[in-house]
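Heads up, the thing below is written out as structure tokens.
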Amino acid sequence: MSKKIVLLPGDGIGPEIVAEAKKVLEAVDAKFKLGLKFEEDLIGGCAIDVHGVPLAQSTLDRCKAADAVLMGSVGGPKWDALDSNIRPEKGLLKIRYEMGLYANLRPAILYPQLADASSLKPEIVSGLDILIVRELTGGIYFGEPRGIRLLDNGERQGYNTYVYAEHEIERIGRTAFEMAMKRDKKVCSVDKANVLEATVLWREVIQSISKDYPEVELSHMYVDNAAMQLVRAPKQFDVVVTGNMFGDILSDTAAMLTGSIGMLPSASLNQDSKGLYEPVHGSAPDIAGQGVANPLATILSAAMMLRYSLNEAAAADAIEAAVGAVLDDGLRSADIFSEGMKKVSTQEMGDAVAAKI
């Protein structure tokens, strides 16, 4: 039975890195007989140029009908002056919301071959393997009312609403505990329950879920302390679960512990484990078309796609092992290059990973 994957290369370096991920997926498809079928469509700035909107309804329908979606990146200075309602990034927010992608999985793994790339001492980060589980469709980014209003005294006031319903906390919490069961069985829930009522409820719901997972050790941490601990002693964490805004900030902090954002994949899943997979890094318009972008985050996102949406763990393992083997061989893209290594292009890196499979 075939599995349909929609590719959304997007803007900037997106088309280059998605092309390499597709190449690697074709290699595992040939080896494991997965029956992968690919369709390609537009999102972001390139969709605005063609359709006048960052995500056409036809594209959204195609994504909803697929088994999984693999995206490159969206945005660039060309579209920065547009009204905020039709900016490239709105296409990504819409696809997350319309597909019900409430769980964002952000691994922060330090490859031993790249230990020197981290800004922290090797003894602090070596062996780092954190999974941040971020709630993606609720919280202050989606809460209503929101806006900018004119007060009676003539002053303008900006306002947003931080809101979470029990069911939203429940489902992201269960996702985190399920992930922890497959890892080191530790969950740290991050909130600001000493100040925000919405996160008082968050803490209560997470605590009650933990009763269903007695093997998993649960801890709670205020977000300011969590940010400090991520830098001070990151290896204390296994799975971190948190709301939309806190997760947005903490996952980028965790990303830089690894030394290169060009290595980090992500997954966004819905109730049915259908998902959108994308690298953590942006569209990098300054290097687009030069063949120097690191495709490994997108390739590793493809591995996550095989694992979480297509239930093809062996194929996912094969991709991750191939990435490790290529790094062992000393091949490096520009962003992770160091003295004594061999600098390779985007395409050469993709070729090397595919060849290892």
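Just so it is clear, glycine is given a Cβ too, placed from its N, Cα and C backbone atoms.
Record features (Swiss-Prot):
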{"type": "BINDING", "residues": "76-89, 282-294", "note": "NAD(+) binding site"}
{"type": "BINDING", "residues": "Arg96, Arg106, Arg134, Asp224", "note": "substrate binding site"}
{"type": "SITE", "residues": "Tyr141", "note": "site 'Important for catalysis'"}
{"type": "SITE", "residues": "Lys192", "note": "site 'Important for catalysis'"}
{"type": "BINDING", "residues": "Asp224, Asp248, Asp252", "note": "Mg(2+) binding site"}
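Rounded to the nearest whole angstrom, the C-alpha distance between Arg134 (substrate binding site) and Asp252 (Mg(2+) binding site) is 12.
For the binding-site residues Asp80, Asp224, Asp248, Asp252, the ranking by surrounding Cβ atoms (within 10 Å, all protein chains) places Asp248 first. Note: the CA-CA distance between Tyr141 (site 'Important for catalysis') and Asp248 (Mg(2+) binding site) rounds to 10 Å. When secondary structure is read from DSSP and collapsed to three states, Val292 (NAD(+) binding site) falls in the coil class.
With respect to Asp224 (substrate binding site), the closest of these recorded positions in Cα terms is Lys192, chosen from Pro88, Lys192, Ala288. Sequence-distant neighbours of Ser84 (NAD(+) binding site) (same chain, 6+ apart, CB under 8 A from its CB) are Lys90. Within 10 Å of Asp252 (Mg(2+) binding site), counting CA to CA, the recorded positions Asp80, Arg106, Lys192, Ala284, Ala288, Val292 contribute Arg106.
In terms of local Cβ density within 10 Å, Ala284 ranks first among the binding-site residues Ala284, Ala288, Val292. In this structure, Arg96 is the one among the binding-site residues Gly76, Arg96, Arg106, Arg134 with the smallest number of other Cβ atoms inside 10 Å of its Cβ. Asp80 (NAD(+) binding site) sits 21 Å from Asp248 (Mg(2+) binding site), counting Cα to Cα. Reported as a whole number, the C-alpha separation between Pro88 (NAD(+) binding site) and Asp248 (Mg(2+) binding site) equals 18 Å.
A 10 Å cutoff on Cβ-Cβ distances gives Lys192 (site 'Important for catalysis') a total of 20 other Cβ atoms nearby, all chains included. Counting in whole angstrom, Gly76 (NAD(+) binding site) lies 23 from Arg106 (substrate binding site) by their C-alpha atoms.
Each residue contributes its Cα atom, and for Asp248 (Mg(2+) binding site) and Ala284 (NAD(+) binding site) those atoms are 19 Å apart.
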